[in-house]
4 protein chains.
Amino acid sequence: MFDDKLKEECGVFGVYNNNEFDTSRLTYYGLFALQHRGQESAGIAVNNKGTILYRKEMGMVSEIFDDVVLDYLKGHSAIGHVRYSTTGESYAENAQPLVIKYTKGHMAIAHNGNITNASEIKKELEEQGTIFQTTSDTEIIAALLSRIRIKYNAIEDALNEVMRKIKGAYSLLIMTPNKLIAVRDPLGMRPLVIGKKEDSYVFSSESCAFDSLGIKFVRDVEPGEIIVVNKDNIRSIQTEVPKKSAACIFEYIYFARPDSIMDGIEVFSARYKAGIVLAKEHPVDADVVVGVPDSGLAAAHGFSDASGIKYVGGFMKNRYVGRTFIQPSQEMRELGVHMKLNPIRSQIEGKRVVMIDDSLVRGTTSKKIVNLLKEAGAKEVHVRISSPPVKYSCYFGIDTPERKNLIAGNMSIEEIRDIIGADSLGYISNEGLLSTCKNGKRDYCMACFNGKYPMDVDDKEDN
Amino acid sequence: MFDDKLKEECGVFGVYNNNEFDTSRLTYYGLFALQHRGQESAGIAVNNKGTILYRKEMGMVSEIFDDVVLDYLKGHSAIGHVRYSTTGESYAENAQPLVIKYTKGHMAIAHNGNITNASEIKKELEEQGTIFQTTSDTEIIAALLSRIRIKYNAIEDALNEVMRKIKGAYSLLIMTPNKLIAVRDPLGMRPLVIGKKEDSYVFSSESCAFDSLGIKFVRDVEPGEIIVVNKDNIRSIQTEVPKKSAACIFEYIYFARPDSIMDGIEVFSARYKAGIVLAKEHPVDADVVVGVPDSGLAAAHGFSDASGIKYVGGFMKNRYVGRTFIQPSQEMRELGVHMKLNPIRSQIEGKRVVMIDDSLVRGTTSKKIVNLLKEAGAKEVHVRISSPPVKYSCYFGIDTPERKNLIAGNMSIEEIRDIIGADSLGYISNEGLLSTCKNGKRDYCMACFNGKYPMDVDDKEDN
Amino acid sequence: MFDDKLKEECGVFGVYNNNEFDTSRLTYYGLFALQHRGQESAGIAVNNKGTILYRKEMGMVSEIFDDVVLDYLKGHSAIGHVRYSTTGESYAENAQPLVIKYTKGHMAIAHNGNITNASEIKKELEEQGTIFQTTSDTEIIAALLSRIRIKYNAIEDALNEVMRKIKGAYSLLIMTPNKLIAVRDPLGMRPLVIGKKEDSYVFSSESCAFDSLGIKFVRDVEPGEIIVVNKDNIRSIQTEVPKKSAACIFEYIYFARPDSIMDGIEVFSARYKAGIVLAKEHPVDADVVVGVPDSGLAAAHGFSDASGIKYVGGFMKNRYVGRTFIQPSQEMRELGVHMKLNPIRSQIEGKRVVMIDDSLVRGTTSKKIVNLLKEAGAKEVHVRISSPPVKYSCYFGIDTPERKNLIAGNMSIEEIRDIIGADSLGYISNEGLLSTCKNGKRDYCMACFNGKYPMDVDDKEDN
Amino acid sequence: MFDDKLKEECGVFGVYNNNEFDTSRLTYYGLFALQHRGQESAGIAVNNKGTILYRKEMGMVSEIFDDVVLDYLKGHSAIGHVRYSTTGESYAENAQPLVIKYTKGHMAIAHNGNITNASEIKKELEEQGTIFQTTSDTEIIAALLSRIRIKYNAIEDALNEVMRKIKGAYSLLIMTPNKLIAVRDPLGMRPLVIGKKEDSYVFSSESCAFDSLGIKFVRDVEPGEIIVVNKDNIRSIQTEVPKKSAACIFEYIYFARPDSIMDGIEVFSARYKAGIVLAKEHPVDADVVVGVPDSGLAAAHGFSDASGIKYVGGFMKNRYVGRTFIQPSQEMRELGVHMKLNPIRSQIEGKRVVMIDDSLVRGTTSKKIVNLLKEAGAKEVHVRISSPPVKYSCYFGIDTPERKNLIAGNMSIEEIRDIIGADSLGYISNEGLLSTCKNGKRDYCMACFNGKYPMDVDDKEDN
């Protein structure tokens, strides 16, 4: 009900251990820190002297793994994966890492992203006799890599050719009997960072996992880069694919954890700056600023600091809503039952409120929150959104509704304001948003706002 | 690890329905809103035309109940209970409501509090041949009530005598075939409020459950009051026990939800005021104020507003730490693994930080958080605690460590400051705290701070 | 569907250990051997230096206990209980052993049987203020014992008085801090045997549990006997209640395991003899004898040996029908789906078949089995039942249908034969049955056949 | 402990429905009747208008499927599979049916058997770039079929070529969008039968599933036959592979259900005849014959009838030993704990006993049973085994121990007799066994007895 958000599809974590670390537990805690990137399924595969042991299941990291399983998963390297829960059917078969045997032995692959020419490659492979057991892009990558690998001695060379064939967004971790390989797509759409702990190398979708684990952040994997770790060294291979930067800007808006630093930008800071920009672009005369927890809070701080309007803690969020929670029926909701958010009346009553949220996708949730604030006595509610209107679908690993369900794809801002019942509504501008994460290092994909996709997309219906 | 808090023992919720409400679902959502008061076990009992149907189990509300169970629990009245998880052994037998048969038929009882002369009463009853199947005070109350009931025609009269015999803190809901009865102890130590929805009456430990359910808040149950609802009316009985107000002030500091209003005071406002008082009592020259999430946030707002020092969102809290999470081993912790809290580096680095927390019990957690802030680059960390030093055990329904483990019971403030590694440490004064919830209506029990228990306590070892 | 049987209500097992046995595991295996006496719930309580630890839950013995639980249940004495699943609602609260605290400390009780004046005693206790938390007789016994105990120094003396007050069938095991006590009702209705292993004494509902555990069978507990084991010795107390023997004859017919020896009679032998008697009382000209598995097999052997008609293995029984099995719908059954029993066609086809079953309660199952045999090509099916017609309800611990559902309570044998579609039908006579277990030591209760209850029964509706 | 048996690897069941049957429930009950062929995992896949829905999991049929799942699995055709539990690791990934997408759409495959040149084919496919996600032969068949399929228009033609390439034992069910295909290997090693219900065709590993479901038995699928059912008709294709019959004779000895008829022979009858042959080949002067339940019972009947020695029910078998049962520790076993079998003393005591068992693999169990009989008072125990000495491993779908653990592969009969403690020991002869299932229609594989494998076996270590 209060969950009108775009959804990240995955997070990956991996470690190549030259020390006596407990790789499965390190990966467990790493995935745990990345749990916000996917709550549907999780998995860990370890390389136990050439044999790959693994466990993957539907559920949250803490539900799937216990001490017995983690003790079983002994190995000198490990990769792990968290996957998000779509609204539709979830298949256990799609859980990752994908563990396969091929002509060079066993291999495990974990993937965050979306291949945009997957159908075409799948068709090509099927016509050569390949069978598929899942609906995941990861299996397509594995099948393609395996077939291309025949021609090459080194997996890196095969990967190079794979990267020339596949299009889209991908951050990959590949564990072979002797290597741990990290790959980031040529546009650098999905994040991937390198860390170090003593002599071991660690990879993660986000740096927040390093902080929680006492791992030293080294740098981002660069767009189009292949990094190969083995027991002797770590090597960087710049692929031959043409590179231009198009990092997903929504990572900063909503997906990533505020304490992560991606491509040189701390997520919290980007959000805070968006609040500052918003205050300048859409000033308003009001008494208090409230952020919608949790992703609207940083921008609310920025808005308050820039506007001088007092920041208040306006909401109580019930954190006990787990996956087995029975959502209130329509009838219950009409009786006024709303479980997740409750305004703090003293902070709202009689006030002109600026309500900051990170995004507005279908608009259903914003309408409810505005209504809650009004019932709690807000005299006015001015909604400010720290991302531009979402008008276009994403084909690069984010679950967006069809365009017809994107409220900003179909209505004017004034119409949206009217529907959500706000006294005013302001979105940050595209330029304004861009300014929050400009650092000269990366360009960004803002296709969901401006429709300018950084590449041709074949599989539009695939999403 | 980051959980150095006192623990509330329970929450209760009940409804007597004159309408066509779905009482079990209403109670489910009510308990869900009270889940912060107890996560060990939960239960719902309904009165189905004189038969009491119930389900109670170890676990969270959303885990125990599903649609099948809630459909089974049909009845015109219902009571529910959430119970907290002690560090020691948890017994399914102690889950509530307690459902019994006695000479007047079936009865269900839900209890929040602690009876301080329980051992004495238990012994007395045992000497008369009573058997006990649980270790809960609730069973003692039920057994006593049943025995006393023999003499009286009306349960209210029996309750009156029971209340003369039992000492301690208690908010009770009792469901009989024809009545729903709410009782608050003569000191009003534990909260209990009345709500109304159409012709139905609802009771809850806290008003936040009413907000979430569209229920109109009516008033607090008064200390020493018995309220009896049946199909015809609602009656208030002032018991004959001497009453003086001694509401638990820790409800405002930590236990209750910030959006609840208890005895006329909104919890968030009380905490915010505590921040203001703290800023006055223990000013400091600093750059930023951070609250330890979640219970330190409101006071941090107050401190910031009173001191003019900027409030920043200083921490990321990982919310996925559920009951099945494997806590990092000592070895892992030494490697730097800390899962729950992570500082937002940009807000902390190079800053002199005021860190606000609601209480400091054993001191172990504060030490870790101070250390995290320093590692994140804080130049100074000034700890301010929005409650006075906890020096004495509670015997009224709160799980406190033994006195020897209460750091403030054994050390000077300077010693504590040294241990937790803070640059300065300030606690709010007893008077300062009291001023945050003074409204002329209630007096407060502050025994955990000042040792002045509002009654003689027999069962000191019982806790 | 193929389950038209009377149901035993419980089994008990206990050990007082003077050796280094693992009492919880011994009890686990003991209960496991008694699982046929009850599959609804099971429990084990151990006496750990005066503290009683226990675990009881809905489910089968092997489902409830694992190594972690059994390791936790350490103690020098232990009692356990299995309970059967009624067709109606099953309550976790009724699981046993019942563990209570009373004026003399902790106590655990496990009970097999039914108290026939339970309502009266319950009412009496309630009028004195007692509360009840379950619907089991065990709690009534415990409450009564506790109240009577006030007057006595020794529990044995209190038990003596309890036995003068309660009527009905009961085999009890009581574990106190220092003793293990076994009690059998004055009529000896429910079985209870004593075993010995080195210096330890063991009690069990049936001797089969001793065989499986390498325990030496000592003797039956005698009707009206109290046996007290403590660390020094074992004592027998003959209660002052008038004793006459009225052991339940249905234990031999169906409830007990064929390899058990009760009151001097091996169950298998009694069943075998019933087959011999049946062959004499109801001879028939036929080609083969088949027993309905499993309880009809022994009598089929006897019938074959006495009649000279060849015994054949006529049925395949699907043993995988567990508690989660989805029973075929009416529609499926009409399509011919029958999962439990399948005739072995080669043994049946073209033959005149004598089909031996142990009892015929509602008649529904017999009808289906006769039909299966005919479909498998039987030329004639002659049904012989190794118990007399069940015409009366049992009030002594057996779950019998209401009289109106007892086919023999309402129809003539010819009518029954017609309904089940048999070519002839013969029941063993009361005298014939009695002759199978006559040993001069015991008289038997045959009330379900002849309506002669061995005592007045107050709580007829209670069943 | 009492489980010294060879293990069948799988059972398959399928239905192509032209009627309004509930295919998932029919398959559920079908698999349930085949549960003895595999208890590790089970799965059902249905064809819902071209989309394949499925559920497969570790566990028994009745544990995996409930009404919600069966309602979800709606389709006009369905195939199901049960898989057995190896002693080593069990992988959820190996559960069947295998559901794949390939160039011609979706396909589900269920397989019973073992491909003896699997390694070679796998290597060949891997060298062409194929990846494998399981360790099952089924995936190899699917991958090979998919690759070969490219060349052919009709799947039948592709299957024909697949059958020329793969060696070994296999009964396959393949469900495509429009067809249900059944395949039996050219030697007919694993059973597969056809049934009919109204206009629908049904396939099953054994006919017992038909009996339980009211399905008419039509005939066996012939060795090397491909049967194709679609909505219009049923066609039989005789493959071009050379056929000679070599049905697995162990199906009759132990694997199959006694009520099944395979290749014209009822399993019970074959076992019964083996008892007759045994009595002639190894006569003995004794008082009683007992069969070891359940697979030794039919032969015991035969032995008794042929020898005139009385058949008695000698054992009680505890049927509650489920998968969660805690096996007695070595220490417990030394104390005499034996849970599964208990002799009926009255039938054994003082008797000279002939004990009939179906096979003797490692010898450990027989030793224990002989000992139990002696402890129960048997004067002599003469062991007769209704299969010849198992001396060679099976490579055709049966889990046999390594040769060094096959007692008859390493010892003389006299040595075995001595080890198991029997007074005499007799195995049926190869010719004797063969005579029990000779019907002119089939030849049999008896490689585990005589080492004459019906084909070259490449993957000897594979087992």
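Cβ from N, Cα, C; glycine included.
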| message | Given that TrEMBL assigns C:Cys394, C:Cys445, C:Cys448 to the [4Fe-4S] cluster site, pick the one from C:Cys208, C:Cys248 that the record assigns to that site as well. | response | C:Cys248
| query | Among C:Ser295, C:Ser304, C:Ser412, C:Ser424, which is the one TrEMBL gives for the Mg(2+) site where C:Asp357, C:Asp358 also bind? | reply | C:Ser295
| task | Can you figure out which of C:Cys10, C:Ser295, C:Asp357, C:Asp358 (the recorded positions) comes closest in space to C:Cys448 ([4Fe-4S] cluster binding site), comparing Cα atoms? | result | C:Asp358
| field | C:Cys448 ([4Fe-4S] cluster binding site): secondary structure state under DSSP, collapsed to three categories | value | helix
| note | CB contacts under 8 angstroms to C:Ser295 (Mg(2+) binding site), restricted to the same chain and 6+ apart in sequence, sorted by sequence, are C:Lys5, C:Ile253, C:Tyr254, C:Arg271, C:Asp357, C:Asp358
| query | Between the binding-site residues C:Cys248, C:Cys445, C:Cys448, where is the Cβ count within 10 Å the lowest? | reply | C:Cys445
| query | If you measure C:Cys10 (active site, nucleophile) to C:Cys445 ([4Fe-4S] cluster binding site) at Cα, how many Å is it? | reply | 18
| message | Return the average pLDDT for the domain 'Glutamine amidotransferase type-2' (C:10-232) as a whole number. | response | 92
| Counting Cβ atoms within 10 Å across all protein chains shown, which of the recorded positions C:Cys10, C:Cys394 comes out on top? | C:Cys10
| task | Note down the number of other Cβ atoms within 10 Å of the Cβ of C:Asp357 (Mg(2+) binding site), including every protein chain shown. | result | 24
| said: Need the DSSP three-state call for C:Asp357 (Mg(2+) binding site) to compare against my parser. | reply: strand
| request: Starting from the Cβ centroid of C:Cys248, C:Cys394, C:Cys445, C:Cys448, the recorded [4Fe-4S] cluster site, name every other residue in that chain with its Cβ within 8 Å, sequence order please. | output: C:Met189, C:Ile249, C:Phe250, C:Phe396, C:Ile398, C:Met446, C:Ala447
